[in-house]
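Report on the following structure.
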Amino acid sequence: MAHIYRLLLLLLSNLWFSTAAQNQSETEWPLHDNGLSKVVQWDHYSFQVNGQRIFIFSGEFHYWRIPVPELWRDILEKVKATGFTAFAFYSSWAYHAPNNSTVDFSTGARDITPIFELAKELGMYMIVRPGPYVNAEASAGGFPLWLMTGEYGSLRNDDPRYTAAWTPYFANMSQITSKYQVTDGHNTLVYQIENEYGQQWIGDPKNRNPNKTAVAYMELLEASARENGITVPLTSNDPNMNSKSWGSDWSNAGGNVDVAGLDSYPSCWTCDVSQCTSTNGEYVPYKVIDYYDYFQEVQPTLPSFMPEFQGGSYNPWAGPEGGCPQDTSAEFANLFYRWNIGQRVTAMSLYMLYGGTNWGAIAAPVTATSYDYSAPISEDRSIGAKYSETKLLALFTRTAKDLTMTEAIGNGTQYTTNTAVRAFELRNPQTNAGFYVTFHTDTTVGGNQAFKLHVNTSVGALTVPKNEGLIQLNGHQSKIIVTDFTLGKRTLLYSTAEVLTYAVFENRPTLVLWVPTGESGEFAIKGAKSGKVENGDGCSGIKFKREKDYLVVNFSQAKGLSVLRLDNGVRVVLLDKAAAYRFWAPALTDDPNVQETETVLVHGPYLVRSASISKTTLALRGDSVEKTTLEIFAPHSVRKITWNGKEVQTSHTPYGSLKATLAAPPDIKLPALTSWRSNDSLPERLPSYDDSGPAWIEANHMTTSNPSPPATFPVLYADEYGFHNGVRLWRGYFNGSASGVFLNIQGGSAFGWSAWLNGHFLDSHLGTATTSQANKTLTFPSSILNPTENVLLIVHDDTGHDQTTGALNPRGILEARLLSNDTSSPPPEFTHWRLAGTAGGESNLDPIRGVFNEDGLFAERMGWHLPGFDDSAWTSENSATSASSALSFTGATVRFFRSVVPLNIPAGLDVSISFVLSTPTAAPKGYRAQLFVNGYQYGRYNPHIGNQVVFPVPPGILDYQGDNTIGLAVWAQTEEGAGIQVDWKVNYVADSSLSVAGFGKGLRPGWTEERLKFA
């Protein structure tokens, strides 16, 4: 049958590149299911749930990058408020498996059942992506770091050692998910196997020569998922258009999933766009990619599905401060997401919708602490223009039911009266509804182009606007012009203004249209004969012209909201873009496929989280950040409005809406960061230091399973000894004289190291944004050498394990070779090495925060960063009584600073707080600093490398109604020492249903005496 579908595809392609015809015969595409259930089905057009088609507009968030479960509601309510029908998340094997005998889905933020329950409550489908490999700019791509020794093979294959390693985690994840599937009335829609594993073929995929190892691996994963209760469709995501893996339309070679998908980052997944040239070619802003031909060639009988489409980009070390939001701005969201619709995509998930924070040692070396990703929801949880721009399209796709079943009829400049503008015509073969997606012919050009559009409608061919004005594309912009758009029992014949949404109250539709501020629009409603202006806020030039079967309305909309009423019962709300940004359509149902009778319309607030109606009362939950006028379009039965549980005084407008005023939230002032104390955190540099305690391990392996053996022995790879994160300390002993040492150390991009001999500082590798391995020859001054035993201390950090095939790249000392000026005899050798890292190693001493939270610094091993530690004997820093602290010291060492600061944030507010770290102008920059908040490492600040200075810390990590322990570990890599300025600030205050005061109880365990043994 495949050749028949490809023949049909060829015929469709001819239509696609030809001038549009009004009608197209409907092609009979096969309807697929996975043989286990018919609840979820799919075909050439879209996914279906219980026989209903749905446009899947989804966005990614990572629960492990915001380890406060109460805040998952905040993120997911903001996702729902955009109009998204789904969300996606990677699970992290590493986050749940601190060692090879533990899988933890119950402790603290590792219990993910609230996510599944929220999906059901809020009414969104889930795309669950368990890995076992996820990439995600996570250390080792989400693999647990105990897997990095080489003893489990080369990974991501059918090696029995690797299979035995991933099976417990993957089985647990599948079993948890199995309780929350669409097939059982819950909300998991699909289950992704592996991640960007485009390895099905050896050589050119067109030759279809299967990679049997990769096929066997995928079949093992699929079997495990099914054996552990997964009945929803299994999916995959190709990393690019070249690999063509795991789709049954392409081949039946083995290992195929039910629905294959394609990932795409047309503007580059990182702020360093040079990293994407091998995939995307030369970077040209706003250059688009053709996906239609790919999907028609590779999976013509499946939906055009993009499990990852660019929602932003991560900021690498030394990237611009604050990332590169200009690369994936609101304009990007406007153009590229509409482009996908023009390409007939009906299922796409934005990566990321909320990025979060690489707290602790979660990150791969490619990025620093922030994982803001320039996503629509910022790292500090605020929403802005990009979020609002995304919402304009998501609400449209939720309400445009005919968009879930379209054929591509044609594209080109022949649709317009301006050759600088082209259009793509999509048409529903059953209803004849049309969607004309318009762009600049050259999308990289952002000028202002005006045009008319040739469309086919149920009343014949028209050129619109008919009466006056032109359609405008101003800047990097796209517009979707609809024809024969269903409004309940009415029909929008066409509109040059974009549809935001519509609702039906008492069998009468309320249509919401928007245009950029100051632009004009024209629309036509079938069956209407006359109309009137009921509210003309900002609207001018309104004209009604009756045609034979429809009424044409022209308008120009400045700032504001206007309301028109037509004689056939249609109410039309006209918005400019600014007003549309503050317009919401909260659902009254927990069904993700929201119908037009199951929503209300709200204008004004910063955020509307939810709505429900009980008798005559409409209960709204949301956020207000300023004094706001609330306007509501709802059923006539609604007489009272509550906002966050409190009734608000309302008034009725002549055109049927309700209005109320929301007060501004109070200002929040943070207390001063003063009363700092400090202590030395590098006693290990001293010869008198005793390293015989349980914090230290003898590093004595003479063989390794790692595929990259060291140049000298013993093996000094930290992972071999169970220490996987950040800073590690090596003490190498030797007897007699040596003139120096050659050291070659590997720790990932932006890593650094320092060395001391017998307590005397030698030198450091400060690190660069791109250097992952650094060697130096250090000279030993004869004055500090002992004739007998000498101790060389090496302190090095790493910035995480590399991703994909680089995951096994070792972290530690690749070569340590003593040197001698005496050429008559061999140079001395190290007698033995001792190693210290995270307190307890893989034993997971702090299961709430987890093994990624701590490094091996003395301060961390001793628990100085934890609440409740007694620092009364420490040195007082006597900071100035202001909202900042300047902390400094001289000498190459590590010093730990600590302060306890109370907060008393009132209930009923959502407050976001960030720390700001900076280096005073005259202070040295050759240092590394780590920020700790109530025991959590929430910032890595390297002023000589990276540009991140703002570190958001969420409520729940911060105690908003109690004392907060703030710590700074500062590692000076030169004798000049270090100077650091510490501030904090309020990002926003919202009167909110999300009352964050009191969040995080149980997430901030305190200091215990057990820490003392790790000195």
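Using N, Cα and C of the backbone, Cβ positions are placed for all residues, glycine too.
Here is what Swiss-Prot records for this protein:
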type: ACT_SITE; residues: Glu196; note: active site, proton donor
type: ACT_SITE; residues: Glu308; note: active site, nucleophile
type: BINDING; residues: Tyr90, Asn135, Ala136, Glu137, Asn195, Tyr265, Tyr373; note: substrate binding site
type: DISULFID; residues: Cys271-Cys324; note: disulfide bond
type: CARBOHYD; residues: Asn23; note: N-linked glycosylation site
type: CARBOHYD; residues: Asn99; note: N-linked glycosylation site
type: CARBOHYD; residues: Asn100; note: N-linked glycosylation site
type: CARBOHYD; residues: Asn172; note: N-linked glycosylation site
type: CARBOHYD; residues: Asn211; note: N-linked glycosylation site
type: CARBOHYD; residues: Asn411; note: N-linked glycosylation site
type: CARBOHYD; residues: Asn456; note: N-linked glycosylation site
type: CARBOHYD; residues: Asn554; note: N-linked glycosylation site
type: CARBOHYD; residues: Asn679; note: N-linked glycosylation site
type: CARBOHYD; residues: Asn735; note: N-linked glycosylation site
type: CARBOHYD; residues: Asn775; note: N-linked glycosylation site
type: CARBOHYD; residues: Asn821; note: N-linked glycosylation site
type: SIGNAL; residues: 1-20; note: signal peptide
Spatially, which candidate from the glycosylation sites Asn172, Asn411, Asn456, Asn735 is nearest to Tyr90 (substrate binding site), comparing Cα atoms?
Asn172
Cα distance, Tyr373 (substrate binding site) to Asn735 (N-linked glycosylation site), nearest Å?
51
Which of Tyr90, Tyr265, Tyr373, the listed binding-site residues, has fewest other Cβ atoms within 10 Å:
Tyr265
Around the C-beta of Asn195 (substrate binding site), how many further C-beta atoms are within 10 angstroms, looking at every protein chain?
23
In sequence order, which residues at least six apart in the same chain have a CB under 8 Å from the CB of Asn211 (N-linked glycosylation site)?
Gln199, Gln200, Trp201, Ile202
Let me know the DSSP-derived helix, strand or coil state of Asn172 (N-linked glycosylation site), please.
helix
Rounding to the nearest whole angstrom, report the longest C-alpha distance spanning Tyr90, Asn135, Ala136, Glu137, Asn195, Tyr265, Tyr373, listed for substrate.
19
Between the recorded positions Glu137, Glu196, Glu308, where is the Cβ count within 10 Å the lowest?
Glu196
Neighbours of Tyr373 (substrate binding site) among recorded positions Asn99, Asn100, Cys324, Asn411, Asn775 (C-alpha cutoff 10 angstroms), in sequence order, are Cys324
Among the recorded positions Asn100, Asn135, Asn554, Asn679, Asn821, whose Cβ has the fewest other Cβ atoms within 10 Å?
Asn821
Whole-number answer please: how many Å between the C-alpha atoms of Cys271 (disulfide bond) and Glu137 (substrate binding site)?
13
CA pair Asn821 (N-linked glycosylation site) / Glu137 (substrate binding site), Å rounded to integer, equals 45
